[in-house]
Structures are given as C-alpha cells and as structure tokens.
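Taken verbatim from Swiss-Prot:
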| type | residues | note |
| --- | --- | --- |
| BINDING | Gly13, Gly14, Gly15, His16, Ala17, Gly18 | FAD binding site |
| BINDING | 273-287 | NAD(+) binding site |
Amino acid sequence: MDHPERFDVIVVGGGHAGTEAAMAAARIGARTLLLTHSIETVGQMSCNPAIGGIGKGHLVREIDALGGIMARAADRGGIQFRTLNSRKGPAVRATRAQADRQLYRQAIRRAVENQPRLALFQQSVDDLIVEGGRVTGVVTGMGLRFRAPAVVLTVGTFLGGRIHIGESNYGGGRAGDPAANALAARLRELPFQVDRLKTGTPPRLDGRTIDWARLTEQPGDDPAPVFSFLGRPDEHPAQVPCHIAHTRPETHDIIRGALDRSPMYSGTIEGVGPRYCPSIEDKVVRFADKGSHQIFLEPEGLDTHEVYPNGISTSLPFDVQYELVRSIPGLEQARIVRPGYAIEYDFFDPRGLHPTLETRHLEGLWFAGQINGTTGYEEAAAQGLLAGLNAALRVQGREPWYPRRDQAYLGVLVDDLITRGTREPYRMFTSRAEYRLMLREDNADLRLTPIGRDLGLVDDERWRRFNAKREALEREQARLAATLIRPGDLPDALARQVLGGPLRKEQRLEELLRRPDVGYADLMRLPGAGDPVPDAEVVEQLEIQARYAGYLERQHDEVARARRHEQLPLPEGLAYDRVAGLSSEVREKLAAHRPATVGQAARIPGVTPAAVSLLLVHLRRQGLLRESA
C-alpha cells in the first residue's frame, strides 16, 4: 500500500550522513522523511567514540558553519577535547573530541525529533520505485510505499554487509543489526558500478579489569576547545583522560601465528580496507620491523566501564583476540566484553555522481556516505548535508549548490570522489587540500555561513552571532590599520619587551601584528593602542590574517589563475573521440569519467596539461567555450 503522506525528500538511513541530509532538507523548507531500521540507533557511533581529527575536524566546523548538527552534538557529548597540531600553523590545527556514545546519540536524536518538517519512520527499505528513468519513492520491508521526487541513500555498511570474526562470517550491517540485502540486490540490478570495501573494529574491554597505573595518561586540553561556532566550554559534560598502551613482540608473534585463521589473509574477505586505519594484523605484516605499536584506550562514556582500544582493530578469531589483548602490558587481566570484527559491504563508484551527489544514471537519487567509498563519521556527515540540501533544492526548483576546492574541505572531498574515484575507503586529510591555508578550522564560518544563510540553512540566531563576530573583526582590523605607534611614544624597555627591540620608525598596529613573535595581547600593552576586543575568536582571526597576509594573498592569486579554466563547463554529451590530438588513453578516461568542468578533467589521473590544452582548443572551435555563471 501507499503511505497517505507525500514528502519532498526521503532519506534512507539514520546515521551521520542520513541525519545531516534530513536536517538540511528540512531546514530549507522541504517536507522530509527519515527512514531508519531502528529509531533507537539514530546518530549511533558504530565504530570509535570520537569526532574530529586532522582534516576531519575541518569538515565538522564546515558542517557547523552551514547549520549542521554534528558539532553541537559533539560539544554536548564530548568527554575529552584536544587541539591536534597545536604547535604547527593554523592550516593544520584540528579539534578532536572523545565522545560519550549515549550523550552524542541523544543530542542527535533530540535535534532530529525537534526539527520542523522532518518526520521519522522505523522501517528498513528493500526497493526503489523507478518510473520513467527516475526515482519516485521507496518500498519498505513490510511493502509500504513512500513517494517523493527526491531520495537520498545513506546506508553506511549495510548494503550486502557481511561480518567476519575468524573463520565464521554472517550477514549484518554492524554487530546486532541486519544487513540491507534486498536493497543491495536491487541496486546491483541498476546501472551502477559496484565493488566491495572493508572496515573493522577492535574488541571492547571492561575498564575495571585494566591496570591503569601501568599505562600513560593522556589528558585533554584545559581549557577545552569547542567544535561549534555557537558552542561554549561550559556545555561540555565531565572531562576524562584517555590512556596509551603499547603492543610488544610477543603480541606480534601471537598475531603472526594466527594469520592463516585471519579472513583478511585467507582470502575470505575480498574488500579493500582503510589504508590509514589498518587492522592490527595488517600493521604487524606491513611494518614487520616495528617491535611495538601504540594503542589509545578511549572511554566509551561516563556511565559505562566499556573501553575502546583504538589501534587493535581485528577480525582474528576470538581466542586469538583474547590472547593478543592479554599480551599487552597493563591489559594482562583485561576482559573482552565485545569481540572485534571486520565488515565487508557494497559501495558504488563515486565517479558516477554529479557534484551535487545525485547519481548520473538515475535522476532523483542521491548517494552520501560510505556508499560512495568514504570512511569516517565526518566525511559521511558532510556528504549527507550536501546531498540533502541539493535534493531539496531540486524539488524547490532552485539552482544546485556545491563548494569549490578553494571554498571548503567538503569541496575537496566531493571533487576527489567524483573525479578520481577511490579503490579504498577515502579519508580526509589536510594534505589533500592544495589551498589549505585558506581552508582553516577557524574561518569555516567566514567562508560558508553567508552561503548557508542564502541557501536557507542558517537560522536567525546563528546569523546574528556570525554578524556580530564579523562586524567586530572588521572594526578592529580597521582600527589597527589606522592606529599609529611612534618611536617617541614608546619607552625602549617596553619596546624590547613587546617587540624584541626599539621601534625605529612610525608603524601601524596592523604592521606590528605581522611580526611572528608579537601577539594581539602584546600590542594592547603599547601606549595609545586602545582597548582590546574581548572576543577570543576575533583575536584569533586578527592574528592569523595579519601574520599570514602575504601567504594568503599569494594563495588567492593561485586560486584566481586556476579558476580561469576551473569552472568552464563541459557539455554532458561531448564526444571525446572527436577531439583532435587526444591519445586513446585520455579519450577513454574522459569518456569514462564524464567530467563536468575543465578543472575536473585536469584532475583525472593520466589527463596531461597538453590534453587539457587540446580540449580547450576543441571547445573554442566548436563555439562551446563559455564562462560558467
């Protein structure tokens, strides 16, 4: 039967991608339905209890700048906060929070349930309704049909999911949840290029059986940072430390002796695992010369004794897991409360997507999250926001939106996926962004909140707070640029103390702030400097923008040069076999990828600068060379 209600957007899956997709669609006015196999697991952290990290924290801040919910939930559920790379430049500094699983999930569910125009319904989805070459709805496991002109699939590891523990394996989307096998079979019938990936999780430990005195304590930062631009440190729950342990040669011997029982090495698992989060058996094999590997013992929450040993993800048999855990100093008496496992699942080649994350083969269908070959909560959530936004924009008859590589890490993520594809779970790093000095955590709001406001993603309170910060920043920048400090007004002793030496000539405060060892607080000690601004975020922006002004200017120039051709659109049906001078290899790659712009074409592996020049010549001759709006 058909459900009596009609929706604009249907989101399938209530994980990190699904919740952001549903929230984004509803925020801009679309009647949205979020379908999940269990309302109790909406917003669940299926793997490690943490948000953020290098590159990932940048995505969380961008989601927040666009009105998303991940950062707010992390602030309310975070039980340890740290700024990574704090001694390095601002481009690579990143926030990471250890989260209480229950508090985080509750924060997400609360946001979803209180969002206007967003309905929740508990049912798995077994089929898509396809009519006239486009998706028009879904069919649930009980045969109930929901209709909508836009459907977003955010199904995580559930498509054809198979869990492996040693020689045993069984169907599942994660431990305790069934796989979406019917939907996986249906998608395999459609014209998508499907493959398999693998990820894993470590055994969970009972913290009461760990000898904490033998481990190295790793405290959080004090004061603790926040993720959200609206967040405050006093919103954080109680803060707790993590601890560090180490494997030893005996641990590695146990693992090597059981490799023939590992599904990864016996050939049972065919999917490719994450390069940057390898299993412990992978680490022991790939880094055979290392006598020890770090393990981070992370608390799962404030009201549980369960501990997540980050660094020993494994699919080895339980008896081997038991032995290897107890070979680690400090864990000799540790009790395993949940076994580690690997999970293998379907994903679809993301080169079959538009930059909006709508599929090229079926109109009205968007993919977001692990279905596109990514790994990580943050990567999934960012894609979900973009997919849900564009699904709603389509229904409303509005122009699509997606960020460029120089605008956001989200732009880098999507461009990498749709241009280059992936053969292994894709993880975001700052090193993937060529314009990373412009794409910092601290300026995500300045980059994206005005865009989010125009799209309808940003509410009045966030917009008010953002404008207050932006106006304070602009006022103080103007004041620093206009305020002169003269040598005669500055005692030599104070000049040496603040500036490192006497002031030789008249200088503006703005110029003095560009000195590497001079901070804003130092400047405010100078006679005639005026009153300081109280907002720490404004001060941070003043220092970064002054200190890195020259580098930022050069990067802006690089962006301008690159954008001359970056946004030149390529006709969707362009016949690459008619472009004179292109090699067969380049023609095949362009035809397979179908890049939307010249910039995307240039980033396809194997497409040379010479090939791009030939492409531009062809477009010019055909009268197709026009600037994109």
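Placement of Cβ uses the backbone N, Cα and C atoms for every residue, glycine included.
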Sort out for me which one of Gly13, Gly273 has the most neighbouring CB atoms within 10 A, since those are the binding-site residues we care about. Gly13
Output field, FAD shell: CB within 8 Å of site CB centroid, site Gly13, Gly14, Gly15, His16, Ala17, Gly18 dropped: Val11, Thr19, Glu20, Ala21, Thr36, Val42, Gly43, Thr154, Val155, Gly156, Gly369, Ala380, Gly384
Which one of these binding-site residues has the most other Cβ atoms within 10 Å of its own Cβ: Ala17, Cys277, Val285? Ala17
Counting only other Cβ atoms and using a 10 Å cut-off, which of the binding-site residues Gly14, Gly15 scores lowest? Gly14
Tell me the Cα distance separating Cys277 (NAD(+) binding site) from Gly15 (FAD binding site), rounded to the nearest angstrom. 20
Which whole-number value in Å describes the distance between the Cα atoms of Arg275 (NAD(+) binding site) and His16 (FAD binding site)? 22
Given the binding-site residues Gly13, Gly14, His16, Gly18, which one's Cα is the least distant from that of Cys277 (NAD(+) binding site)? His16
Give me the Cα-Cα distance between Glu281 (NAD(+) binding site) and His16 (FAD binding site), rounded to a whole Å. 28
Can you give me the Cα-Cα distance between Ala17 (FAD binding site) and Gly273 (NAD(+) binding site) in Å, rounded to a whole number? 20
Find the one among the binding-site residues Gly273, Ser279, Lys283, Val285, Phe287 whose C-alpha lies closest to that of His16 (FAD binding site). Gly273
Rounded distance in angstrom between the Cα atoms of Lys283 (NAD(+) binding site) and Gly13 (FAD binding site): 32
Note: among binding-site residues His16, Glu281, Lys283, least Cβ-dense neighbourhood at 10 Å is Lys283
Just how many other Cβ atoms lie inside 10 Å of the Cβ on Ser279 (NAD(+) binding site)? 26
So if I draw a 10 Å sphere around the Cβ of Arg275 (NAD(+) binding site), how many other Cβ atoms end up inside it? 14
